[in-house]
Amino acid sequence: MADAKGDEVLAEGQMPLGRWPILSYGVGHMLNDITSACWFTYLLLFLQEIGLAPRDAAIVMLSGQVADGLMTILAGEMIDRFGHFKLWHIGGSILVGISFSSVFGGCLLCTVLGTDSYLVRTIGYSFFAAVFNIGWAATQVSHMSMVNCMTLNSTSRVALASCRNAFTMVANLGLYAIALVVFALVSAKYRWIAYVSIFVGCCFLVVFYAGTKEPTLQSGSDCKKSARISWGYWFKKALYYQVALLYMLARLITNVSQSLIAFYVTRDLKMNEYSKAIIPAIIFCCSFLVSVVLQEIKWNSRRLKSLLTIGAILWVIAGAAVFVLPSQMHNLMYPLAMVIGAANALVMVTTIGLESALVGDDLNGCAFVYGSLSFLDKMSCGIALFVLESYEDSISCGETRGLYTVSRFGTGLIPSCFAVFALLVTSTLKLQDTNPRAAAAALEAPLLV
């Protein structure tokens, strides 16, 4: 009787998901995505415009990144132990909405204490940055971990990941569309960008909660709930360290450049204020188009390594060009943004594909893998931005900005160096297509099936 029930659960899990569950799952990360785009593009700019020194603005972001990194480990461990994916998702989303509006809406701690001292402002913004990233991490880990336990069908898993990736690009494009309108019409621009972003993200969350059921496959025999995988299992795999390093480098490339590109286009290239939204929008538009094309590729280990290599090479070239581009030739930033967008898509899709290949069928440890890799991503990005912004104090105080500015290094040269490092690590990868079906799992199917 028990065997028959287990077979029934397994057969149900192998059935492909329909269009509605895939779509509703895909929009479940929209609040995280749209607030993250605003966070990395405009937070440092906003904090410096309200009077914080570059170093202190970086401290605010670093406090958030540290909290995020620690929470990814905790959330991954707790979800692996107890499940309740949607409960973690709801709790994280509530924290994201409240804290994000508190950061861009003004210093809440200053209002409570009745003072506007510099120290209180720094502490207040750092606290809510930490709360925002704690909520963001809980939502991210729970959402990513749901894929492997929503279905056992490899095509449906691909479609879920693909749909989520597509809506990530839509969220970023939506953010920059909102920014363009707000820059043109509103004086308190960053506050209203934050408010509208939260409203839009929450609308999509309603769709996610209404259309996505709590995953139940972990109670089935295929998920091997009784044989929970320990952390040591992953630490013994060489592929874990290679994938972790590549994922961290991919995130450093995209997040560091995104965080400083608004400074670069307005201060170094002397472009107008709208460029702070237009250039990032071009980058994400090209990323979206390339990501859609990548959905149709039949993946194997050789193709995975080849496209990761191409993406890293494109970043080396584009980053070097960005670093030396003079302000008189700022119009060349538009085609360079297209190249950067394509390169971002290639490195991110392939590294996420490597994560999926690493996890494979080891479902009871998948949340730890995603959490631990995100921990490396958050900590490294926070430290990198802190170091860069600390150096900003000493080299960018004057009105004249030459070639050696923090924004030039952070938008161009440093991501190029990360890309070179990624090329070296990629050359050491030894992937085997022992299971052709599993090897195709990194976005083999169309966007929606």
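Note: Cβ is positioned from N, Cα and C throughout, glycine not excepted.
Please treat TrEMBL annotations as automatic predictions, because they have not gone through curation.
Annotation source TrEMBL lists transmembrane segment at 87-113 (among others). Within the chain carrying the transmembrane segment (87-113), a Cβ under 8 angstroms from the stretch's Cβ atoms is held by residues 28, 31-32, 35, 38-39, 43, 46, 75, 78-79, 120-121, 123-125, 127-129, 131-132, 134-143, 190-191, 193-195, 197-198, 201-202, 205, 208-209, all 6 or more beyond its ends.
A Cβ distance under 8 Å defines the sequence-distant neighbours of the transmembrane segment (125-146), meaning residues of its chain 6+ beyond its ends; these are 25, 28-29, 31-32, 35-36, 39, 43, 47, 52, 59-61, 63-69, 71-72, 75-76, 79, 85-86, 88-89, 91-96, 98-100, 102-103, 107-109, 164, 212, 215, 366-367, 370-371, 374, 378. The transmembrane segment feature in TrEMBL is assigned to 125-146 (among others).
TrEMBL lists 166-185 (among others) with the feature transmembrane segment.
Annotated transmembrane segment per TrEMBL: 192-211 (among others), in sequence order. Sequence-distant neighbours of the transmembrane segment (192-211) (same chain, 6+ residues past either end, Cβ-Cβ under 8 Å): 20-21, 23-25, 27-28, 30-35, 38, 42, 86, 89-90, 93, 97, 100-101, 103-105, 167, 171, 174-175, 178-179, 182, 186.
Proximity of distant same-chain residues to the transmembrane segment (239-265), defined by a Cβ-Cβ separation under 8 Å and at least 6 residues beyond the stretch ends, is recorded for 37, 40-45, 61, 271, 275-276, 279-280, 283, 308, 315, 319, 322, 330, 333, 340, 344, 347-348, 351-352, 354-355, 357-358, 369, 372-373, 376-377, 380-381, 384-385, 388, 406-408, 410-412, 414-415, 418-419, 421-422, 425-426, 428-429, 431. Among the features that TrEMBL reports, transmembrane segment is placed at 239-265 (among others).
Packing against the transmembrane segment (277-294) from elsewhere in the chain are residues 37, 41, 165-166, 169-170, 172-173, 176-177, 179-180, 183, 258, 261-262, 265, 271, 307, 333-334, 337-342, 344-346, 348-349, 443, 447: each is 6 or more residues past its ends and has a CB under 8 Å from a CB in it. Annotated transmembrane segment per TrEMBL: 277-294 (among others), in sequence order.
If you look up TrEMBL, you'll see 306-325 (among others) marked as transmembrane segment.
Long-range neighbours of the transmembrane segment (332-354) within the same chain, counting only residues 6 or more positions beyond its ends whose Cβ lies under 8 Å from a Cβ of the stretch, are 161, 165, 242-243, 246-247, 250, 253-254, 257, 265, 269, 271, 275, 279, 282-288, 290-291, 294, 299, 304, 307-308, 310-312, 314-315, 317-318, 321-322, 325, 419, 422, 441-443. Annotation comment: TrEMBL describes 332-354 (among others) as transmembrane segment.
Summarising the annotation, TrEMBL assigns transmembrane segment to 409-429 (among others).
Residues of the same chain lying 6 or more positions beyond the ends of the transmembrane segment (166-185) and with a Cβ under 8 Å from any Cβ of it are 26-27, 29-30, 33-34, 37-38, 41-42, 192-193, 196-197, 200-201, 204, 273-274, 276-278, 280-281, 284-285, 287-288, 291-292, 447.
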